[in-house]
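Asker: Found this in Swiss-Prot, in case it helps:
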- Cys140, Cys143, Cys192, Cys195: Zn(2+) 1 binding site (BINDING)
- Cys156, Cys159, Cys178, Cys181: Zn(2+) 2 binding site (BINDING)
- 5-70: domain 'J' (DOMAIN)
- 140-147: repeat 'CXXCXGXG motif' (REPEAT)
- 156-163: repeat 'CXXCXGXG motif' (REPEAT)
- 178-185: repeat 'CXXCXGXG motif' (REPEAT)
- 192-199: repeat 'CXXCXGXG motif' (REPEAT)
- 127-204: zinc finger (ZN_FING)
Amino acid sequence: MQQKCYYEILNVSKTASGVEIKRAYRKLAMEYHPDRNPGDKEAEIKFKEISEAYEILSDDSKRSRYDQFGHAGVNQQSGFGGTGGFEDIFDTFFGGGTSRGSNRSRASRGSDLEYTLEITLEEAFFGVEKEITIPRMESCDSCDGTGSKSRSKTTCHACHGQGTIRRQQGFFAFEQTCPVCNGTGYSITDPCDACYGNGKVKKQKTLKVKIPEGVDNGDRIRLQGEGDSGSNGAMNGDLYVQIIIKEHKIFERRDINLYCEMPISFTKACIGGDIKVPTLDGEVVLKVVPETQTGKVFRLREKGMKSLRGHRRGDLLCKVVVETPVNLSAEQKELLEKFADSLGEDYQSKHAPKSKTWFDNVKDYAKKFFE
């Protein structure tokens, strides 16, 4: 099956910047996250595709290999649990040395694991410690990880303990994993009842994860050695905790800045005054200047998100939305009519500059159209 283009998966061009790629990933990850689509297998598959694409394109080195060689340049290293690289490709076709192949097959590093953790914007701001439970492969206690009831192993008769066998095709000699022992170099005659000869069993592991303040959507936290157990004394894999930040009711995050819409009353917009604005670490008072219009943006410096790296802090940008009064009584309507009358016939020129400009443009356009 032909693999999908990573750029197409994220809906970005091949010249997209790192910021554009990250923004596209955040949007798609939120849309297809399994927690938002429970039981939807297609959404789960799509989320995995999005995560894989972002893993490659967010890494300059991997992205460069992908741009040069396509999926062949990154398949050995993309995803979790992948090992090896171009050296393994050459080893497959040209041997690479019996000793090196034997060591690699006998001692195998455990697979890396990924866990998606959803947190609130407040938790991303202040930092938090979360407890998670993951399924992972651990060494079988019943057989001490040997896979054998008697804890004994027999050297594989096919590869003589090497884990690989050498084959000749024309002028080429190459090594491949032994199909009899699957590269272990040994065979088991009395499989363990608990792990069925695998040497590993799946267990639930509970861990505490410290989330630093300032973490962002798509960031990954590495827990070294908390992945699947290695084989034959090899190192365990790592656990990568990928952060997803829930949508906030008030704020929208853009890098380290926060944005919000701030509704103000008709009278407050006209005459100005103080209003209380919520931030992630408490309320602040904002002075609204008289004659404020819808769309005006007030910047509250250093009231945004904390930076993950360094001591910078972003700003909070509040966009004004002037609310039109509703559910007016007869008396209130009468007062507004009197107010409108008090503005006089030259209302547009004196009191509504934007309206005057708009109507003037309409007149100019109509004049040209009908000439």
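Each Cβ is built from the backbone N, Cα and C atoms, and glycine gets one as well.
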Asker: Note the Cβ centroid of Cys140, Cys143, Cys192, Cys195, the recorded Zn(2+) 1 site, then list each other residue of that chain whose Cβ lies within 8 Å of it, in sequence.
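Answerer: Here the non-site neighbours turn out to be Asp141, Ser142, Asp144, Gly145, Thr146, Gly147, Ser148, Pro191, Asp193, Ala194, Tyr196, Gly197, Asn198, Gly199, Lys200, Val201.
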Asker: Could you give the Cα-Cα distance between Cys159 (Zn(2+) 2 binding site) and Cys192 (Zn(2+) 1 binding site), in whole Å?
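Answerer: Between the Cα atoms of Cys159 (Zn(2+) 2 binding site) and Cys192 (Zn(2+) 1 binding site), the distance comes to 23 Å.
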Asker: Compute the mean position of the Cβ atoms of Cys156, Cys159, Cys178, Cys181, which form the recorded Zn(2+) 2 site, and then list in sequence order the other residues of that chain whose Cβ is within 8 Å of it.
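Answerer: In sequence order, the nearby non-listed residues are His157, Ala158, His160, Gly161, Gln162, Gly163, Thr164, Ile165, Pro179, Val180, Asn182, Gly183, Thr184, Gly185, Tyr186, Ser187.
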Asker: Let me know the most crowded of the binding-site residues, choosing from Cys156, Cys181 and counting other Cβ atoms within 10 Å.
Answerer: Cys181
Asker: DSSP-wise, what's the residue breakdown of the repeat 'CXXCXGXG motif' (178-185) into helix, strand and coil?
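Answerer: Computed counts for the repeat 'CXXCXGXG motif' (178-185) are 0 helix, 0 strand, 8 coil.
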Asker: Of all the binding-site residues given, namely Cys156, Cys178, Cys181, which is spatially nearest to Cys140 (Zn(2+) 1 binding site) at the Cα level?
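Answerer: It is Cys181, whose Cα lies nearest.
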Asker: In sequence order, what residues of the same chain, 6+ apart, have a Cβ less than 8 Å from the Cβ of Cys143 (Zn(2+) 1 binding site)?
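Answerer: In sequence order, Lys149, Arg151, Cys192, Ala194, Cys195, Gly199 meet the Cβ cut-off.
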